[in-house]
Every structure is written in structure tokens, then in C-alpha cells.
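Shown next, in C-alpha cells, is the structure this report addresses.
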């Protein structure tokens, strides 16, 4: 099908209407084009070959997509792996190590000129490459994962008109010419124009910065030199009020938003409380380790200076080949200790834990929009939950009808006069949104609801009454409710909708009758609608005045319905001679048709989920718009009501709550709030302002004896956005939630089920535990490695662990351990879910390091240090080298306390204390001292017969080079290194338990990553110790099977130490800010900083769909 217009032409039209908004510019530029060249909305429909009542034929969709483009804005390409590696290499410590490695290479090759002098430099460079590669690969995979998640998050469903039927399609399937049905809370998916009659009020703040709602009509309306309404709708803006239809003109990059220089970006929530605690701890460790490293280098330099001053062995005179290399070794050792000490693996562990949990949480129906929400849910103390669809099934079914003075429980043969039946059906159907529809489902005769569930329940009622309970073909078009909609179409002349508001608790629709008069249908909260009724319909179709007796009868029915946990709506109407535009006037003097009792069954799994929350120390509070009695009845079924607290203290209505806890300006009075909230469980007839007040008060409360509250809130409506943003974690409903609510949330519950929120709590605690496991492991390794390196360097003159070995340990700690310890899955590990949910929430002020963790860390570190110092100082005989560097060539000068038959690998400088005086040092060559050289005569040089006569120094040029290095590739130091690594590997099993559990193996086999890392680390350790060439680079010498058994036994002994650790007391251990704690004042200040940062990011990004204007939101808290 050829089109006479191109996408770029339509895009220019939209841009022209956006750029010219004043009345003068509209008249001068826009009207000539919009009404003239394009022919207005009707002309655009014709040019796009679209019938407003039928929409786009399905067979044309692909052709339109090909011609006008698809509704996607291409993302910037993902950063390449090489680019990420280059970015990772910008770390100052890695840069310093790289430079030091090249200097080491230069000295080894050109200065020392010894075999394999280049190995240490190459080994350091290799370690740097591995660290950079692992970090970059992790970043690359994380970014790819989040791109996939964002693609799913942005793939929302829309209701469009195609082939004359409403259909649900993905936003990405939208094409130019589509007719989209809009209602309150929808974010516009494309640019276009409004079609037919509507009452749309659009919030364009995210594009223009203006908070004033913009009215929309199919034509420009200009009065008093100002634009009253316009026809153009823009992608990214949202419907604040009303409903209507959008004719799509531009999609994807052709929209005004898509063509902007910078695409609107979602503002992240900033770094969470946990991450800031980790940042503070990392800064402290970094500062301390930096000064320790500097002090160590200074100490070693001072020792060198003292050695030169005392003319000690090999320090008689300066030797460039020896002493520059030694100084470089000091610096590299200092840097390496700093690199090992700094827990740079923490951010990686946090990232892995969060990314892993985000992916798994999606399977548990939690789509995480802000990463920090994952761990924040672990400290949740309160969940303020909606009722409908969250605690209940949202399968709304009308089970009782009250009309006249009779209650009907069977709708199929309801005993009412036919005109009254028709009136009842019309009032129920006309006053519903067009997006609410019934479609065929998998079960014959049981429809699937689309749109608002309450309205769908009313449509089912209309169908049942209209057919007398007969079978309905939901695949067809012949249904009573559709017949009514055809009689009163949306674009009917004179039709107007007065949209629902939380203040009025009702909505109304005005239609024009065939006789020229008008009829207004109203539905809403029973007590709110009956209050505006002056008459009611009798059973025979007549009218009677709503006397006090009648009102008492109606109120009794409402109460009885509420006691049965039925949601009660009142349906009313009135006729008028002329159209009434004012909503207050329109809803005066209504005639009550009847009441409908709608059942919304409690989800079968909810009571158990509420019990899980109670065990987990979380209080669930229901916040609903239903009346008090209905809310209380459902709360009792759910298990929210606490039998130990008087009912009158647990249930309150929104109006009473608001009057008690806020002043006339709606500012919270904290002292009054604190009198109510501890026992509050249910709030009925609440407004968004009430929910916002509740959240604000809970967060600000500092009652003595009560924990600081971490508040999670659920919401589905546009007006819930402020409370969702205010909460510590905001949950939006994925099915019932408006786009505005979703944009304001931290997590989207895909199935609208309360159980999914409990799963989010479980994952939050699991993330926190996973991070703490890694923290416990890394700090244990830090304490051991740094103490060994510092004490060894200070006592032995060099670290017992070579630079390359320390870097390997650092790699184990950072990248591999973070994968192993940050990926426990509570859905796989038996008993882990119950363990996570059977303890109280951790306060957000609580230290990251618990007393048990501190005990475990220092106990294991002290044991490891004891073992390593024994291995370093108590084995290894001091003797001349034999056939190999690891064997004695005679009787040892000093036999080690533990005789294992190997030669010492300690530096010769240290072992000098155990040597006889005559062999402690070979003196440097002195011409006047014959004892320092051999004098030879007539020594043949080669086959030519040339001879040499002169002095040959006894001290060879390599003698001083061999005085350092902890025994080049010695078995002794290989055993030290191997035992150290194996103790860390086995202790990795221990650190999986944080709360004093005895069985450290429980659940380990259910974590695939843990098994892979353990096996991979062990295999790698074997390779770098045993494989020739590789072990040379790592300063190792191959071990025999007996030596390996000893090393494995030493490593495995860590498992026994775990049991001994559990017997040690820990209550006496003091915890302070060093352990990651945070006092209340700092917590409040930090939380405020996070909110301010997020607000600033959103303002800068232009992403403000969640910033819904809501009058009366409290601006301050008063004590």
C-alpha cells in the first residue's frame, strides 16, 4: 500500500507544533500547516489510510513498520571489552605496578643480566593483565545483563484498535497509524494527535518543565490570545487525567523525544546505605594500608642505610646492578601490600551479588529498576500494602446486588423489570473506561479481564443480566456490554467523562440521549455516592426519596456487604436538559439505582506469606480505599490483624488519621503520629496523601525501644507516585500499575502478588549475607597476607610471599571469591529461605561486621599466622647448597627445630645469624687483602695458548644478588605459599556461614559458582606450583606427593578451626564505626543525601514521570 507521506514529514509536523506554542505562533505557523496542508486530524487519518473506528488492519502492520520505521530508539553500542579493559587499567595502583614491572624487566635484562632476570617483570605484567581482564569481563557481562533487563522493563503493553477490535500489543510493535486507547496514568508511547471526544489532561513536565496540565482536543482552541487546548501528544509525557484516543504519527527516533540530542535517561537511586558503609570501610582500610606500606618501605630503606653505614656484607660499596634492584623490590613490595590490603574486591562483590540477585529476582516476579533496592529490602521493617490485586486475586466478581429493598444473590434471573435491568446495565457499562474489556480465555465461557478489574467485573455482571445467565462467546462481538457501548460510543456528540479522583472516590460519564437530553451515570464508593443521591429507584421502576429511613436501610446493607469482605459500589444516574460541565454540579441530586457487592478473594498463598513476614519481624499494614469494615474483614482473612491488640487501635480511616497526625497545612506532627503507628494495621478510605503521611512518619519516627523503620510501599495508581518515591523501597504493580507508578518505583511486581514482595525481602537479606560472606573472607585474607608481608619484610628483609604470589592471592580474594560467595540462591539451597525469613531485619545503623564475623576473622587469621610463622622460621636447615638449591651439601650449620630434610628458603641476610663466623660473608675484593682473592699464574684462557696472570675475586659478581629473594624457587617457600593459599581456599568454605552455624558444608553443593571457583582455584594452584615455566614465574618449585599431602592437611585444618571458633565467646567484642556501623543522625543525613542526589539526577536527566503534582503533600515534619 503506497503512502503519500513520509515519516520525516510527520516528524517535522510534530516538531513544528512543539516549537510553536504561543497563540500568535500557532496562528502564524501551525494552523496553516496543520489545518491547511494536512487537513487537521481527519486529513491526517485519510493520508495515513486509517479509519478511526477500525484502526490499522493487521495485514498492513509490517508494511507500515517498513515505511515509517519501528518504535525503538537505538541504544548507544555497548562499550567494548577492550575499552573496559583500558578503563580498568586506569586504576593508579595498577598503573604503578605496570611501571614497576617494566622497570623490573629493564633491570633484570640490562642491569643484572642474569638468566630469567625478566621473569618477575613478566609475571607482574601477566598478573595485571589477568586482574584487568577479569574485572572488564565482569563489567561487560553486568552491562549486557542490565541492557537485557532494561529491554524487558521498557517492553510495556498497550491497548490499540486494529481490525475494529481492541488488542494488546507491545510498545515496540506500535506503528504509524495505530489508534491507541489512553487512560489516566499512561505514559504516551509515541507522538501523535488526539482523536474524537476526550477529557485528556496531559502532564508535559518532562519535556517542557511546566507543571500545568495541558488539555487536548482534535482542534486548536484559542481564546483571549492564549492556547486553551491543542491536538498534539508527545512521547514520554503522561496522562494525568481522563481518557481518549491517540492517532500515532511518529515512532522511535522520529518522535520529538527520540530526536533530542540526549535521550531521556532513567536516574538511578544513587549508592545505598550499605554501599556507603562499604565505601567508608574501604576508605579506612585504604588509608591505614597506605601508611603501613609507606612505613614498611621507609623501614627497609633505613635498614639498607644502616647496612651501608656498618659496611655489612654486600653493602660495602654501592653496586648499581644489585642495590637499585633491591630498592625497586622494596617499592614493589610496599605497593603489593597496599594492593592486597585494599579491599577493591568489595565493589566487585557488591556488583556481582546485586546483578546475580536481579536476574534471579526476575524469575520470582520482581523486576528491579534500582539496584540498591535489592539489599534495602533486607532491612525492611514495615510493608504498606495495597489490597486489591496484591493481597487479593483481583478477579472481581459481582456476587450480590441491592436494588429497591431487595438483595439479589443470583444475577442470571434477577427479578427486576426489564427497563430497570437495562438501566442497571447501562449505568454499569457506560461509566467504564474503553480499555476495560472481556476477551476469550483458555476456559470456555470464562473471560480474561483486560484493563481495570473492577470495571471488568461490572461488564461480566452486565453480560450475565443481559443474557439471563446464558453462554457467551467471548471470541465474538455479540455481547450485551458491547451493544451498550455501540449505543453510546466514545466519540458520541456531547459525551464527557469526569474521571475518578481519590478525593471524590467516584467517576461519572455524561452521554446524550436520542431525545436531545443528557444522562449522567456515576459509580464509586458506596457511602460517597449515596451521600449525593436524593432519590432511589424502587423495585417496580419508580422513584422514592432518600429519607432517613431509606438511608439507614442502605447503610445497613453496605455494612452487611462489608462484613462479608465485599467491596461495595453504588451505581446512580440523573437526567438533565443541557450539558453540565462542572463536576460538582453534574454529580448533585443523583438517583441511586442500586448497590453491587464485589468479591475479590484473598489469594490462597497470602496468609502464609503474612505469617512469614511476622516471623521475619516485618509488620504488614494494609492501606486501601475500601471502607473500614471491608478492609478489616479482608485484613482478618489475610492474618494482618493482631489478636493481641484491641481492634479500635488497629483500624483507622484516612480522614481520622489525617486529622490526628497533621496540621492544617498537612505537615506531619511526629509526636501525634508516634501515638498511633505502633498498633496501626489497617487504614481504610485512604488517599494518596494519607499513604504519603504514613510513609513519612514511619521513616522519621525515633521512638525509644522501636527500631528505625525501613519502609516498603506498594502502589498502582498515578497518585501513588509520591509515596512510592518517598518510601525506602517502592513496589509498583506490573499488571494493574500505571506507567507513572512504575516510573516512580524501585521494583515492579510482575504478577501483582504480595508473595513476590516477601520473596524480595528474602533476596534482600540474601544479598546482604552474600556481601558479608565475602567481606568476612577478604578481611581474613587481608589480615594474614598483610601481617605476613609486613613482618616478613621487616624481619627477613623481604616478604616471604613474592609479589606475583601476593597478586595471585589478591586475584583469589577479589574476583574468584566474589563469584563463589556472592551467588548463593535461596531458592536452591535447602533451608536457606526459612533461615533468611526466620530472623529479625538488620537495622540500617547496624555494623557491617557482626561480633561473630570479627571473632571468626581474627581467630582464623591468628591460626593462619601461627602456622605460617612456624613454616617460615621452624623448618628449613641453614647449610651450603648441594646438588640443588633445595638440598644441603653437607652437615647443616643450623638444623631447624622441625626437621623435614629441606634447605632454608629464607633470605641469606636473615640466615647469617646461624652461620659460623668464617662463612657468614665472603668479603668484597680488596687489592691489599690477599684473603679476598686468588692470585693465579699461567692460567690457560683458551686453545690458542694464551694465559692469564692476576687476581680473581673470591666473591663472584652474582654473590650479592643471591643474598635476597627468599630462596629462589625454594621448596621451603613454596610450601609456605602453597599452605597459605590452601588455607584460604578451605576457609572459603567456612566463611559461607555468618551466624555461628556449625555445619559449614550445608548448601555448598547447591551453588554451582562456588563449586566451579573452588575446583578452578585448586587446579590453578596445582598448575602454578607444578608446571615448569609457570612455577618459575611464580617463584615456586615443584613439590612431591608427600609435601602436597602436608600442604593439603594444613589447609584442611581450617575446617577443624571452624568448630573451635564456634566455642569462643564473642559478646565482649566492641564494635564501632570501623566495623561499618552508622548512628541515627548519620543515617538520616545519608538518607537525605541519597534522596537529594536522586532528585538532582532526575532533574538533570529530565526524567520526571514520577513527579506527580499532589496537593497537600507534607513538606516538613514537626515534632
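One is the number of the first residue shown, and numbering goes on along the chain from there.
Cβ from N, Cα, C; glycine included.
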Which is it, of 260-283, 284-307, 380-403, 404-427, that TrEMBL names as transmembrane segment?
284-307
Which range is it, out of 12-32, 33-53, 54-74, 117-137, that shows up in TrEMBL as transmembrane segment?
117-137
For the feature transmembrane segment as recorded in TrEMBL, pick the matching range from 760-778, 779-797, 798-816.
779-797
Can you check which of 177-206, 207-236, 327-356, 447-476 TrEMBL lists as transmembrane segment?
327-356
Per TrEMBL, the range holding region 'Disordered', considering 1072-1095, 1096-1119:
1096-1119
TrEMBL tags one of 858-878, 879-899, 900-920 as transmembrane segment - which one?
858-878
Can you count helix, strand and coil residues in the domain 'Cation-transporting P-type ATPase N-terminal' (37-109) using DSSP?
46 helix, 3 strand, 24 coil
